[in-house]
Structure formats: structure tokens, C-alpha cells
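Feature annotations, courtesy of TrEMBL:
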DOMAIN    45-271  domain 'Nucleoside phosphorylase'
BINDING   Arg84, Arg128, Ile129, Gly130, Thr131  phosphate binding site
BINDING   Gln208, Arg210  substrate binding site
Amino acid sequence: MSEKTVKLLNPHLETAPSDYLYHLDINVANTGDTTELQHKFGDVKFICVGGTGSRMRQLALYLRDVLGVQESGDPVDLCERGQRYAMYKVGPVLCVSHGIGSASFSVVLHELLKLVKYARCQEPVILRIGTCGGLGVPPGTVVATKNAFNGLLRNEHEIAILGQRVVRPAQFSEDVNKDVIAFGVDANDGFQTISANTMGTDCFYEGQGRIDGAICEYTEKDKMDFLQKCHDLGIRNIEMEASMFASVTQKVGVKAGDVCVTLIDRLKGDQVSITMDQKHEFEQRPFLVVGRYIMKLLQQ
Ligand SMILES: O=P(O)(O)O[C@H]1O[C@H](CO)[C@@H](O)[C@H]1O
Ligand SMILES: O=c1cc[nH]c(=O)[nH]1
């Protein structure tokens, strides 16, 4: 295989006669001959992922315009039969939903990494386009992640494998972070885009130090002390996937980045209380940033 294709770290796949990407409902009948997949997905250069199917559909429509892809009508969900995740293809970009949190995202991430390997995609870049809570930045700020911290405030990801605690580093590609800021930001955007650290937690409520979950065994002061500690580490946003995403992509050597818009300033409260209209407007902001980044890279 050429140098630029994805190399996975699983020797068992080399001898598997077939592979079923179950949650995507994509069957790789003969892993030795993946001609059909190469035909369908071989041109993919970017995989944009985000929590919801509707955001990914919106993104697909937006990228159609930006990339000048001559297609009309509703984007087709290529994974509809899998009933778990949505996947749209716009020229060289896949837009795929991942659900809430690392557990859900890691499932589709493994399958997407296998997909790009079988399809022999050349150096694909994976970008998460998400929402998050902010720390000391105004709601609507876009944050491109520099370092990904887990809920233990460590720049790593922890996972239980065969009954053992396995800890792996969680670094995103420096190039992607730099280029997203260099190519994605326009002075006239009307909102700020910053590069900062991100905390990815396993829980929206207690894991993010909220006091409005069904359970809370700490005080408002404990919460504020924790959030201040996060802030001191350069963390400016909190979401639920960054550390897993950084660690899995780093492990297999695929470049990745996390670009999220803040919906709330957690130094001021816990409840996301912006209107749904405002949320939808905010959700478009990373589209602009990532759209410009993708265009620039495609032109190079
Ligand atoms: O908007 P998405 O992309 O889902 O991201 C954020 O929103 C969800 C929580 O509401 C978590 O998945 C978090 O990471
Ligand atoms: O506070 C927030 C807002 C969105 N997503 C999160 O994970 N946390």
C-alpha cells in the first residue's frame, strides 16, 4: 500500500477475509479486494464529524456551496440502514454524526478509520465540528483545540481494555490546529475563533462540574475552584469527545482537529439557556471556519 494510506494497528485485519462495519452498515466482503469501496470513498480527503445527524446534513449542504459541488436535492444518508449514525458525502468530504460522548464516537471512529483504510484514502484529515461549554469566553466563541485534557485534567485518554486500565496520550495534530486558525478565520466574522485547550469529559453533568444534574455531592465553591483550575491550565472549552478523539487518531497517525462553538460561559452558570434559533446560528460558525480551511487545503 502507498505511504499515504492509513495504517491501522491491528494485525488481525490483515488476514480477515471480510469485515462488516456494523454501525455504518457497510460490508467489506473481501478485504483483499476493496475495489468497490475505493470507487465510492477513495477520493475522501476530509471527514467532518459532529454530534447530530441534522448538523451533519446542514454541513453537507453548506459544503456543497463552498466547494461548488454540482448536486441538488436532499443529501443522501449513506448509513441510513444502520440506524445509528448519519453519513453524507460531498465531493472529497464525508460528514458523519457521532452521537453524544466518547463511547458513541469511538464506535464510529473505529469504523471510519477502517473505511478509509479499505478505500485507500490518501492522508485523510478528521475534523470534529461540535458544540461545547466555554470557560471565560463569550458564548458563540469558536475554539480550535490545542491540547485535549480528560476529566482528570490529564492530557491523555484512559480506557479499560481486557480488564486493564490503558492510558494513551491525547495530542491533536499541531498542523491542523495552526492551519484552522491561519486559513479558517476571517477578521469580519463577527465572532472570535481562538486556539486553546479543551477538556473532554465522560459526563455532561457531574463530569463537567455542573450543580444541576440528578446527582451532585459538591458545593458551588468546589465547582468554581475546579473550573478555575481548568482555566489555569489554558482550558477554554469543555465537551465530551476531545481526549478520546485525539488519542485514537494520534495512535493510528491520522491528522485530526476539534473545532467547537461555545454555547455558554461556565464561569457564569450551568444551564444552556440560549434559544434554539441562537444555537442553530452558533452551530454554523465552525462551518465557516472549517469550510475555509478545507477549501485552502484542497487548493494547495
Ligand atoms: O454538539 P456535539 O457535537 O454533540 O458536542 C457536545 O454536545 C454534547 C452534549 O450536549 C456532547 O457530545 C458534547 O461534546
Ligand atoms: O456545557 C456544555 C455545552 C455543550 N456541550 C457540552 O459538553 N457541555
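The backbone N, Cα and C atoms fix where each Cβ goes, and this holds for glycine too.
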Quiz item: Quick one: which of the binding-site residues (Arg84, Ile129, Gly130, Thr131, Gln208) have their CB closer than 6 Å to ligand 1?
Solution: Gly130, Thr131
Practice problem: Return the members of Arg84, Arg128, Ile129, Gly130, Thr131 (the binding-site residues) with CB less than 6 angstroms from at least one atom of ligand 2, or none. | Solution: Thr131
Practice problem: Rounding to the nearest whole angstrom, report the longest C-alpha distance spanning Arg84, Arg128, Ile129, Gly130, Thr131, listed for phosphate. | Solution: 20
Exercise. Rounded to the nearest Å, what's the C-alpha distance separating Thr131 (phosphate binding site) and Gln208 (substrate binding site)? Just drop the number here, would you?
Key: 14
Quiz item: In whole Å, how far is Gln208 (substrate binding site) from Gly130 (phosphate binding site) when you measure between their Cα atoms?
Solution: 16
Quiz item: Can you tell which of Arg84, Arg128, Arg210 has the most other C-beta atoms within 10 Å, given these are the binding-site residues?
Solution: Arg128
Quiz prompt | For the domain 'Nucleoside phosphorylase' (45-271), mean pLDDT (0 to 100) | solution = 98
Exercise. Taking the Cβ of Ile129 (phosphate binding site) as the reference point, list residues of the same chain whose Cβ is under 8 angstroms away and which are at least six residues distant in sequence.
Key: Cys48, Val49, Gly50, Arg55, Leu59, Val259, Cys260, Pro286, Phe287, Val290
Quiz item: If you count Cβ atoms within 10 Å of each one, which of the binding-site residues Thr131, Gln208 comes out on top?
Solution: Gln208
Self-check item: C-beta crowding around Gly130 (phosphate binding site), within 10 angstroms
Solution: 28
